[in-house]
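What TrEMBL says about this protein:
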type	residues	note
DOMAIN	63-151	domain 'GHMP kinase N-terminal'
BINDING	PRO92, VAL93, GLY94, SER95, GLY96, LEU97, GLY98, SER99, SER100, ALA101, CYS102	ATP binding site
DOMAIN	217-282	domain 'GHMP kinase C-terminal'
Amino acid sequence: MRKFYAPASIGNFCVGFDSLGAAIAPIDGQLLGDVVSIEEAPRDQFSCVGKYAHKLPQEAQDNLAFQCLTHFRSHVKADMPSLSLTLEKRLPVGSGLGSSACSVVATFAALNAFAGTQLSQIQMIELMADFEAKVSGARHYDNITPCYLGGLQLTAELVPDRALALPVDPNWYIVVAYPGFALNTAKARAVLAPELKLGDSVAFAQRLSAFCALLQLHRFSEAVSLMQDSVAEPSRAQLIDGYSDAKLSLPELGASVVSISGAGPTLFALCPTLNAAQQCQSWLESNYLNEHGFSHICQLDSAGTRELV
Ligand SMILES: Nc1ncnc2c1ncn2[C@@H]1O[C@H](COP(=O)(O)OP(=O)(O)OP(=O)(O)O)[C@@H](O)[C@H]1O
Ligand SMILES: N[C@@H](CCO)C(=O)O
C-alpha cells in the first residue's frame, strides 16, 4: 500500500486574494492535512475514515476523493488496474485550511503515482482546480498549488505554470487557530463585493506586486509591513465570531499580521519569533476556540504533497 499526504494551506495569505497561498507544517511534526492510501484490489473500492470523516457526505459519490477517482478512470487512464482508495480525512471541512484541496490533491497525486501517468505540473494543477472549483463557488488556485507544490506560491491562471514559488523568512512562525465551527467557502465568497473600485484595484495590485518583489529581494520585514487585506477581510469579518478581538489583541502579543486563513473561519497570526507565536497561541486557545477547535504553531511546509514512507 502507498500513502500520500497533502498539507493544509493558508489561501490569500492576507495580501493576495485568490492569488497567494502558503502550505503549512506544525513545528511539533504533527501531520496537518489529509492522507490517501492506494493499492491494487480485485475491483475499485473507496472508503473514508479519520477524525472528520463523519462531517463529509455519507455517499461515496458525493465525496470529492471518490469523484477524483471516477474522473481519473474515465478521462485520464481507463486501463488503470482496479484499486482500493482510502481517504483519511484529518482536516475539518469549511475550515479555511484548504480542506477540500487537501483531499483532491492527495487523491490525484496518489492516482498519478499508482497509474504511472506522469501528467505535467499544469495538467495536474488544472485537474485539481476543476474539482476545487466545483465546491468553492469559483476557480482559484491558492489552496491547490501550495498544497501540491509546498511553500508560498503566487498562483493564478495568468502565472506561468500556474504557480511561482516565493522565498520566505525562515524565522516566520505562523499560528493557525481553527475555532471549531465551519464556514462554507461559497457562503464566504457570496458576501464579497462583486466589483472593486478603481482606486482599490490599483492599491491591491501595488501591494501584492511590492510584497512579491520585496520577498524576492529578501527584504522580509518590509514585505510583512505590506500585509493587509482590503478585498475580502472587511466583508468576511462579520461572519467570524471573535475575529475583531483577535485582530486587536494579538498584535499586542507580538503578532506582525493577523488575518483570515482562506475563506475562514481559521485565523492566522504571523509572528517574528517563537516566543510571540507561543503567546498568540495561548491567547487564541483561551479566547477564540470552542471545544471542537484546535491551534498549531507552524512554519511553511516546503515539501508539499508527498509519499509517506
Ligand atoms: N473529501 C472532501 N473534503 C472536503 N470537502 C468535501 C469532500 N468531499 C465532499 N466535500 C464537500 O465539499 C464542500 C467543501 O466546502 P468548502 O469549500 O466550504 O470546504 P473546504 O474546502 O473544507 O474549505 P476550506 O478550503 O476553507 O478549508 C462541503 O460541502 C463538503 O461536504
Ligand atoms: N481565495 C479563496 C480561498 C478559499 O479557501 C477565498 O478567499 O475565497
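Backbone N, Cα and C atoms are what each Cβ position is placed from, and that goes for glycine too.
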PRO92, GLY94, GLY96, GLY98 as binding-site residues, winner by CB count within 10 A:
GLY98
So among the binding-site residues SER100, CYS102, who's got the most Cβ atoms within 10 Å?
CYS102
What kind of secondary structure is GLY96 (ATP binding site) part of, going by DSSP in three states?
coil
Give me the sequence-ordered set of same-chain residues, not including PRO92, VAL93, GLY94, SER95, GLY96, LEU97, GLY98, SER99, SER100, ALA101, CYS102, with a C-beta within 8 angstroms of the centroid of the ATP site's C-beta atoms.
ALA8, LEU91, ASN143, GLY262
Can you tell me which of GLY98, SER100, CYS102, our binding-site residues, come within under 6 Å of ligand 1 at the Cβ?
GLY98, SER100
